[in-house]
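Feature list (source: TrEMBL):
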DOMAIN    1-157  domain 'Major facilitator superfamily (MFS) profile'
TRANSMEM  39-59  transmembrane segment
TRANSMEM  65-90  transmembrane segment
TRANSMEM  97-121  transmembrane segment
TRANSMEM  133-153  transmembrane segment
Amino acid sequence: MFNAIGTKELRLSNALVNFGRFHDMYLAMKLGDRFNHRTLLLAGSVGMILGAILCQVYPSKANNWLQIACTLVLVGSFCFSIGSLGWLISTELVPEALGATSGAVSTFFTWTAQFFIGVYFQQISNPGHWGTHAFFIFASVMFVFFFFVWFFVPETRNETTDEITALYYTDEETYAAFATPAKLATMA
């Protein structure tokens, strides 16, 4: 992408994007426990939608640095929300006994999605194919993700896994099958 916008120094462009990634991951680490996790996911989704639309709206020949700034908005929003909190929330939504499995499944799907983006983005963004409209695909996926989080993901900050599990399992026997030993002791 940086070649397409005419950036002569690819290392500088790559360094800027990686600095943005590091900065936003650090920011997520510092602010992750101060704000609601669900709210951060929603805000990151909006940031990614805006970043993808900005990458689409500003053609690559208009202004090289503007295109890099739009990319930083997209990548930064990912790192601040889904890139960091997705791993955390996936283990908070399930009982403690299934936390490792949930983390493994989350890791698998995250890396698989990143693999497909890395492999197929060049083909999708080819002028003969989708061209710069490839960013509309990302914006559309994030739009669906926003509503998925809005309707199906509960707030997990300051909640125990037992409290979150109780939201999904109303049947006491099913809940007891996944509850922690401390919770089982209080049920007896």
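Yeah, the Cβs are placed from backbone N, Cα and C, and that goes for glycine too.
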Task: Long-range neighbours of the transmembrane segment (133-153), counting only residues six or more past its ends (CB under 8 A) - done: 38, 41-42, 45-46, 48-49, 52-53, 55-56, 74, 82, 89, 93, 121, 124-125
TODO: Compute the average pLDDT of the predicted model within the domain 'Major facilitator superfamily (MFS) profile' (1-157).
DONE: 80
